[in-house]
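Enquirer: Quick paste from TrEMBL:
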| type | residues | note |
| --- | --- | --- |
| DOMAIN | 41-290 | domain 'G-protein coupled receptors family 1 profile' |
| TRANSMEM | 25-48 | transmembrane segment |
| TRANSMEM | 60-79 | transmembrane segment |
| TRANSMEM | 99-120 | transmembrane segment |
| TRANSMEM | 140-164 | transmembrane segment |
| TRANSMEM | 200-225 | transmembrane segment |
| TRANSMEM | 237-255 | transmembrane segment |
| TRANSMEM | 275-293 | transmembrane segment |
């Protein structure tokens, strides 16, 4: 403990997503349903990719990594948030808050970079199909995933260690539903304006650069697609690209809104609403938008169901 108006290693209090007691039960049920659907969709996708050899391709390997990140991401924030809905105590320990901040930042940064690599995969597959086996070999795929995890983790570790070594004031109320970096800065008892430039730089590198890469890659993909004579192929490509861009935009735009503004311009209620998109909505939508709409995945699901039924009938 530090004396005066500063304290270290004490519990924090999370204000929660909603502050209207009579609505807690409704929001609890809604969040639990969304959480369960997101988990189910991502787990099913991972299992299908692992069990069906036809899905052992670079694209679906990256999809499985995205699903794993989404499972971890939503599990980092939602379970604590839902238990807070039903409890009178919304406290989180200093260490627990530090761990949640570290894990969430690492997963978010990794996912932001991975989505950029996934757009590169689609760019190579459509614009340079003859070189696809070379440019997207198994070794390169693992290198992409390793780069995403390493970069996201190092970025998260640096920011978390720095922020949690700053002196916090007596106020322990975090006006958020989980421990997120921008929501912690107002509790710090010293000027953080210089550090916020570091957060801004990290946000531009981790979020803006991959987002720009996605926009550029899909622009190239659509240019190639519009040169095709097949109207059906064009409509399918436009439908796929637009849905991917919508989900990616939700993730990147909301993330940039949170991590590239000084805390003096943040509104707690707005921050909580924005955070819902990259903590709950995108992990919920990703498996359905990126994979479960694909004919290959639907076919794999059908084959696994038929195989399960056949095995069940053959068993004594």
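From the backbone N, Cα and C atoms, a Cβ is placed for every residue, glycine too.
Buried or exposed, and what's around them? Tell me for each listed feature.
Expert: Within the chain carrying the transmembrane segment (60-79), a Cβ under 8 angstroms from the stretch's Cβ atoms is held by residues 31, 35, 38-39, 42-43, 45-46, 49-50, 100, 103-104, 107-108, 110-111, 114-115, 117-118, 121, 141, 144-145, 177-178, 279-280, 282-284, 286-287, 290-291, 296, all 6 or more beyond its ends.
When Cβ-Cβ distances below 8 Å are used as the criterion, the transmembrane segment (99-120) is approached by residues 59, 62-63, 65-66, 69-70, 72-73, 76-77, 80, 92, 144-145, 147-149, 151-153, 155-157, 159-160, 163-164, 178-181, 184, 206-207, 209-211, 213-214, 217-218, 248, 251-252, 255, 278, 290 of the same chain, each at least six residues removed from its ends.
Nonlocal intrachain contacts for the transmembrane segment (200-225), taken as residues 6+ away from its ends with a CB within less than 8 angstroms of a stretch CB, comprise 109, 112-113, 115-116, 119-120, 122-123, 126-127, 151-152, 155, 159, 233-234, 237-238, 241, 244-245, 248-249, 252, 255-256, 259-260.
Using a Cβ-Cβ cut-off under 8 Å and counting only residues 6 or more beyond its ends in the same chain, the transmembrane segment (237-255) has close neighbours at 108, 111-112, 115, 119, 126, 203, 207-208, 210-211, 214-215, 218, 221-222, 225, 274-275, 277-278, 281-282, 285-286, 289-290, 293.
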